[in-house]
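According to TrEMBL, the protein has these features:
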{"type": "DOMAIN", "residues": "394-475", "note": "domain 'PEP-utilising enzyme mobile'"}
{"type": "ACT_SITE", "residues": "426", "note": "active site, tele-phosphohistidine intermediate"}
{"type": "DOMAIN", "residues": "492-840", "note": "domain 'PEP-utilising enzyme C-terminal'"}
{"type": "BINDING", "residues": "533, 589, 716, 737, 738, 739, 740", "note": "substrate binding site"}
{"type": "ACT_SITE", "residues": "802", "note": "active site, proton donor"}
Ligand code: PEP
Ligand code: MG
């Protein structure tokens, strides 16, 4: 009667058994595939996920039935088999079934020492992991007959019963403990952090042990056929004599080389036939399992068994190369290769490195936790990082250690430096996830959280705002900015992205403000520039002076004179940008920020300015005060400035047109796109358009040549989105500036939101920071309204997004579904966007244009 209650939901893994990943987990399925490839896999039984769930709920498996699948003297192991290998699982338990009788048998086959060691190991593992006894009581340095007796006695003393002799009971207890561990809170949280659903199932595999201990060549090893960091072909792994599979995790000096090596004996030397078999099996795995696998094998008295195989754990770089090479070898399709590479993983490959040829002013060293290098100003809090980002200023977030609430600050920083932590600390894990250069555990820097300083061992002190460079590849913190090398984009990277370009159906442009940005954009194969913020061209020293003269001009004539000095500089920039982009579209945004941003803020700066302009300090101060606004972001900026001081836009238009002519003279060609910022009414566009047309006519006449250009509008105010139908009468294109549009839709300052954003997100007011992840419900609705109304007026209206959201896969999906022509994002996000767009085209082919 009782037997009827036992669960019998298990199956021996034979070639034809009905084993599937959802029912039995990936490991069970993988072992079946290895068996089908005729690999010497020991007999294995798969316990279904449903059975494991029932065991966790208190029911029992028919363990005698499971063991009947094996020989009468077999020992078995139990390994976890979740649906996805990334989700982990409870630790493997080996040598189940060991008791006095089997120990005696093993003494005959494997010798006394091996038999004692195996029995002892089982007692230890069982006592600690299954009976949950104190590990200290079972810590034994050297296995011996005495140590075994001690361990058995310690078990009996603690549990008030002898160590269980019945293999079925042992197995039942192991299964119960593994099922419960999987159901426990910490395991659940851990796997959820790796993307597992809350109720992710766990299968288990019970496998006949191959000892790896005893006479002849015996031991356990792992072998893989690619370098896990680069993805290049190379045999790596280890083999440890007289060992079992769990020993491979220990550091062990006696490990053998796998391939022939001048430094010592290798498996290839000692067992060339076994080595050759493994190499053949690796190739078979690659071809038939369509993956680079790491094979775990045991050699028991000269005979080989393959006990397990997993996908080779790999860096992003290696993952990309593996996918490309599998496709190039015809093992998987190009589409599959594209889908195998997670777009966000690309950012790790894209970061600049410190140029080794340049000087390095090293002030501290830490753990190189996330590769790439970045230069920025020190900030000590996430709020400061967010404020810095909204000012367009690169910053390095410096913390004692980071916590989950720092995630928004990390998003805003170009690099992270922490005093504490290791490779798996929060900063390191998140830094790698974001592709953010990161150094952790820089303990030779002393961090004063009150005074907001960091001090190097040699006494050099750094305060907020100081510029440092974080070299996340070497773990070195450098003072100041350094020469950087552009990222190494290898052939595999380029190949994958060219395949992605073949399938995607939405354009990807870059936001690039300077010729240097344009070069990066071009290097990453952006299809043009979607936003060139021209004011960024004015911040260089010489230009700033002319700019300030323009701001302080008393009369239109004075202003025209100052602008005349800016014109050639701006024209030269445009010539360079156009030439770099080689005919690809370039969308230039006319001057946008409030003028006071160009004035000095300190008294000292004002004095210097007074000197440079040859005016009294009091007048400079008065004029600066007159420019101050209560809400500068909602004041005289964007097109409002263009209408009140139209000479600025006139100069910019002239510079653009003259640059077009110059590029044409040099044999190139470009149709520039001129974009008017911060529009809220059609009349604004009409006024600017009339002047720009007039400038174009003047330049055409003066230069006796013709050229074309497009005029469009940047939709950054809710009113512009609502009135897009009207506005589109004068606009060839609309580009949604979702930074300002988010700011204005929420009535939430971009510069101040950092102060309370964490609280808002924590309390669920906003699901996410809307400046980081596009608010599809609110801002998104304005985008849809604007797009629809704009296209009603002008069917061929070009639509795009150019706010910071442009590079997020979620926003790309939204824009693609809404029928936008392209997204524009920062140059370093272009590859990610290209790949994300390809994923969307492959996964949702009906959503695209
Ligand atoms: C925007 O507002 O979305 C935008 C791209 O412009 P800026 O960030 O320069 O205001
Ligand atoms: Mg804007």
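First residue shown is number 1, and so on along the chain.
Cβ atoms are placed via backbone N, Cα and C, with glycine included.
Positions of the features from TrEMBL, shown on the structure.
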residue : record                 : Cβ contacts under 8 Å, 6 or more apart
533     : substrate binding site : 511, 513, 589, 592
716     : substrate binding site : 638, 677, 678, 679, 736, 737, 739, 740, 741, 744
738     : substrate binding site : 774, 779, 783, 801, 802, 803, 804, 805, 806, 811
Legend entry - Listed recorded positions adjacent to ligand 2, that is, members of 426, 533, 589, 802 whose C-beta is under 6 A away: none
Inset, instruction - Tell me whether residue 589 (substrate binding site) sits in a helix, a strand or coil according to DSSP. - result: strand
Inset, instruction - Count the residues of the domain 'PEP-utilising enzyme mobile' (394-475) that DSSP assigns to helix (H, G, I), to strand (E, B) and to coil, and report the three numbers in that order. - result: 18 helix, 26 strand, 38 coil
Inset, instruction - Using the structure shown, find which entry in 589, 737, 739, 802 (the recorded positions) has the sparsest Cβ neighbourhood within 10 Å. - result: 739
Legend entry - Around the Cβ of residue 740 (substrate binding site), the count of other Cβ atoms that are within 10 Å: 23
Inset, instruction - Let me know the largest Cα to Cα distance in Å among the substrate-binding residues 533, 589, 716, 737, 738, 739, 740, as an integer. - result: 15
Inset, instruction - Have a look around residue 426 (active site, tele-phosphohistidine intermediate) and count the other CB atoms within 10 A of its CB, chains all included. - result: 19
Inset, instruction - Enumerate the residues of the same chain, 533, 589, 716, 737, 738, 739, 740 excluded, that satisfy the criterion Cβ within 8 A of the mean position of the Cβ atoms of the recorded substrate site; list them in sequence order. - result: 531, 592, 677, 678, 714, 741, 802, 803
Legend entry - Per-residue pLDDT averaged over the domain 'PEP-utilising enzyme C-terminal' (492-840), given as an integer: 93
